[in-house]
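Engineer: This is the feature table in TrEMBL:
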- 8-13, Asp33, Arg38, 86-90, 127-128, Glu161, 272-275, Arg342: NAD(+) binding site (BINDING)
- Cys272: active site, nucleophile (ACT_SITE)
- 328-452: domain 'UDP-glucose/GDP-mannose dehydrogenase C-terminal' (DOMAIN)
Amino acid sequence: MVKICCIGAGYVGGPTMAVIALKCPTIEVAVVDISVSRIAAWNSEQLPIYEPGLEEVVKQCRGKNLFFSTDVEKHVFEADIIFVSVNTPTKTRGLGAGKAADLTYWESAARMIADVSKSNKIVVEKSTVPVKTAEAIEKILVHNSKGIKYQILSNPEFLAEGTAIQDLFNPDRVLIGGRETPEGQMAIKALKDVYAHWVPEDRIITTNLWSAELSKLAANAFLAQRISSVNAMSALCEATGADVSQVSHAIGKDSRIGPKFLNASVGFGGSCFQKDILNLVYICECNGLPEVANYWKQVIKVNDYQKNRFVNRVVSSMFNTVSGKKIAIMGFAFKKDTGDTRETPAIDVCKGLLGDKARLSIYDPQVTEDQIQRDLSMNKFDWDHPIHLQPMSPTAVRQVSVAWDAYEATKDAHGLCILTEWDEFKTLDYQRIFDNMQKPAFVFDGRNLVNLDKLREIGFIVYSIGKPLDAWLKDMPAMA
């Protein structure tokens with residue numbers, strides 16, 4: 001019986017291993033982590049992450065051929081294939097600070113594998129890592145090998161949160177990179193055989209190690225670039241009276257461009273886009289390619305510009321001050337159908353409004369109050385360290401309250417900002433919300449979710465990204 005062990009029980013390791021266990025009943029899968037609370041949650045009724053369909057998959061396999069454990073060394077010792085899916089945060093100090101990936105957790109995982117292994121292993125990179133990480137890991141394993149043979153593979157994940165289980169069941173492609181030696185090719189085949197239980201052969205792509213590592217960074221950079229491109233257009237649309245939704249629709253009809261990832265918004269978020277682009281920038285700089293590095297840096301600059309622009313629009317519309325005013329924040333997760341707040345644009349928007357002394361009332365159907373307070377008081381990049389290494393109980397931000405529903409959040413508010421495209425926000429009773437708000441009542445739609453005409457009819461002053469401006473907003477230009 002083939003045994004698989006995955007080090008790291010997070011957003012990647014948990015769902016990926018659950019689906020492998022479901023689709024490969026003859027393979028025993030163990031997910032291990034040093035965080036006792038995280039493993040306890042995976043073994044409980046309340047899983048540590050929310051992802052549509054995940055609970056059903058876990059419950060079907062847990063205890064049969066899927067196990068969650070803190071006994072890391074036992075399962076690594078027994079495994080034939082070891083997936084490493086640990087945090088790779090952005091460094092905050094030292095060489096490459098603010099851009100380079102911090103491989104501390106990766107290196108300690110590699111050293112632990114070398115310490116406990118007594119048989120040949122295939123080690124698979126599953127976290128997003130910079131190009132050439134495999135080589136570094138290989139060196140650590142080979143120099144500590146005690147005669148044991150290791151093969152390193154890169155198998156980057158291309159999951160989108162909110163649809164991760166669907167993406168795993170029916171992937172566009174599975175990418176496996178390995179050495180071009182006979183042993184490397186055998187290792188690639190071993191991993192290919194696992195995926196071939198449910199993925200059609202023509203969707204399993206094999207490459208060399210560096211191509212696989214770079215493909216992951218490139219895919220995220222291209223996706224983020226599309227969002228920044230349409231967001232840059234949204235600013236021009238507002239300035240000229242064009243409608244960004246109409247422009248997106250028109251260019252999306254071109255089959256070479258296609259319609260996906262062309263929704264203008266308050267900005268992209270998530271754990272990978274910014275991190276992977278910063279990584280790409282750093283690799284370009286290290287390889288003496290400053291022009292390429294600067295090209296990709298612009299994608300992040302436009303994203304930051306979009307978030308700042310949104311905050312400026314809110315403040316300038318409200319007579320240039322939000323001091324002491326209650327503002328409702330609808331949605332805190334970085335996108336709908338996930339409770340994940342990593343790098344969510346809501347953090348920067350909230351901090352911008354708090355900087356102007358606003359009082360915020362935040363509602364999100366999936367994000368806990370503790371998480372919101374933590375996000376608003378943590379330093380940049382802190383979120384990407386294992387939970388037990390994050391600041392303990394951060395000081396609560398005084399001007400922030402967390403509401404149970406949208407109606408409570410908006411009661412007596414001067415304005416409401418829609419920052420996540422949750423479906424439930426489309427069907428709220430906006431008349432009821434309007435009646436309970438201070439006047440003039442403002443809606444700042446950061447996701448182009450609401451029906452503008454209907455809201456204006458009710459009496460709201462509405463700002464929607466990339467849409468022709470309300471007469472009110474034209475008289476109150478956003479100062480940069």
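Placed from the backbone N, Cα and C atoms, the Cβ positions cover glycine too.
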Engineer: Which numbers of helix, strand and coil residues does DSSP report for the domain 'UDP-glucose/GDP-mannose dehydrogenase C-terminal' (328-452)?
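Structural biologist: Summed over the domain 'UDP-glucose/GDP-mannose dehydrogenase C-terminal' (328-452), the classes give 42 helix, 19 strand, 64 coil.
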Engineer: Could you give the Cα-Cα distance between Tyr11 (NAD(+) binding site) and Cys272 (active site, nucleophile), in whole Å?
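Structural biologist: Computed Cα spacing between Tyr11 (NAD(+) binding site) and Cys272 (active site, nucleophile) is 12 Å.
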Engineer: So what sits near Glu161 (NAD(+) binding site) in its own chain, CB-to-CB under 8 Å and at least six residues off in sequence?
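Structural biologist: Result: Tyr11, Glu51, Gly270, Phe334, Lys335, Asp337, Thr338, Asp340.
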Engineer: Counting other Cβ atoms within 10 Å of each residue's Cβ, which of the recorded positions Gly8, Cys272, Gln274 comes out lowest?
Structural biologist: Gln274
Engineer: Could you round the CA separation between Thr90 (NAD(+) binding site) and Cys272 (active site, nucleophile) to a whole angstrom and send it over?
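Structural biologist: The Cα atom of Thr90 (NAD(+) binding site) is 11 Å away from the Cα atom of Cys272 (active site, nucleophile).
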Engineer: Inside 10 Å of the Cβ of Asn87 (NAD(+) binding site), count up the other Cβ atoms and send me the figure.
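Structural biologist: If we count other Cβ atoms within 10 Å of Asn87 (NAD(+) binding site), we arrive at 19.
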Engineer: Any idea what the model's mean pLDDT is for the domain 'UDP-glucose/GDP-mannose dehydrogenase C-terminal' (328-452)?
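Structural biologist: It averages 90.
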Engineer: Give the number of CB atoms, excluding that of Thr90 (NAD(+) binding site) itself, located within 10 Å of its CB.
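Structural biologist: For Thr90 (NAD(+) binding site), the 10 Å Cβ neighbour count is 20.
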Engineer: Sorted by position, what residues of the same chain at least six away from Asp33 (NAD(+) binding site) have a C-beta under 8 A from it?
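Structural biologist: When sequence neighbours closer than 6 are ignored, Asp33 (NAD(+) binding site) has Ile7, Gly8, Ala9, Gly10, Gly13, Ile39, Phe68, Thr70, Val72 within Cβ distance under 8 Å.
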Engineer: Any idea what the Cα distance is from Cys272 (active site, nucleophile) over to Asn87 (NAD(+) binding site), rounded to a whole Å?
Structural biologist: 11
